[in-house]
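Features reported for this protein in Swiss-Prot:
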ACT_SITE  Arg159  active site
ACT_SITE  Ser229  active site, proton donor
ACT_SITE  Glu325  active site
DOMAIN    13-183  domain 'FAD-binding PCMH-type'
Amino acid sequence: MNHSLKPWNTFGIDHNAQHIVCAEDEQQLLNAWQHATAEGQPVLILGEGSNVLFLEDYRGTVIINRIKGIEIHDEPDAWYLHVGAGENWHRLVKYTLQEGMPGLENLALIPGCVGSSPIQNIGAYGVELQRVCAYVDCVELATGKQVRLTAKECRFGYRDSIFKHEYQDRFAIVAVGLRLPKEWQPVLTYGDLTRLEPTTVTPQQVFNAVCHMRTTKLPDPKVNGNAGSFFKNPVVSAETAKALLSQFPTAPNYPQADGSVKLAAGWLIDQCQLKGMQMGGAAVHRQQALVLINEDNAKSEDVVQLAHHVRQKVGEKFNVWLEPEVRFIGASGEVSAVETIS
């Protein structure tokens, strides 16, 4: 148990794993998984560890997915990209813009790897991965069988997909296929983007605005460890939203296609005067209440205690119960984040 996980999670929480293996191709990944499984060890596959909280030492093998490569197919209607799971997401966004292939600009500066993007159906500023995803290539770990899932088969939801359910722990994502339509249409529904002029705006301007919003509001994990948005924005029924808005008319709310309403978790937390609140080494970020940070050598217990406190305060004030977006990892695998902080 002497391999530190600190460099492999952006929260910078110091726990250990029995083994850590970097896999640069599918075969190395399969070999590492099969070797660990044969020895009866649990296995966790990570990209950049930007959406995990290790609760304790991991009693198994952590495989770091570093499968690289970007292939582009130019079709009359769209650019089709085949991207290795180990590619850095933000570098991919920058690369596509430099090559004149817009469509990912709203998703700039989301931390992590391309392979993690379908698991969470990553999203920001009005765009989710499902908008541009053509397929996801995975490998069945027990058999080595290759499987390609269409976007529909991925069953994307809000921060959700089949990779959090039936495919969890059984399949590893090795590549993601993206479709970027040549008829670019800006999405300017959130934040400072609403100020941009839809008829003249360029993809680069959207990218710059998103980067500006993220860098001014969000902490740099190299300075204060964090995993980005700690909580999901809660999606509530129209009735719940109506009741809440009658009491708090200024609450940001986003009606969804199915009649439900998405609320802004950051606003709810902020209304409870929790910005800057610290427990042990963990704190609520002072600019963006949705982010919990490693202020001062935080232990995982500090983060859990703080998350519990935030959830309680928001629940008591608004009767809305926040759920973590971050994945909680116990000694032998993922555990329920909601149960851990309830």
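Please read every residue number as a count from 1 along the shown chain.
Each residue, glycine too, has its Cβ placed from N, Cα and C.
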Integer average pLDDT (0 to 100) for the domain 'FAD-binding PCMH-type' (13-183): 97
For Glu325 (active site), the number of other Cβ atoms found within 10 Å of its own Cβ: 19
Structural state of the residue listed as 'active site, proton donor', classified by DSSP into three states: strand
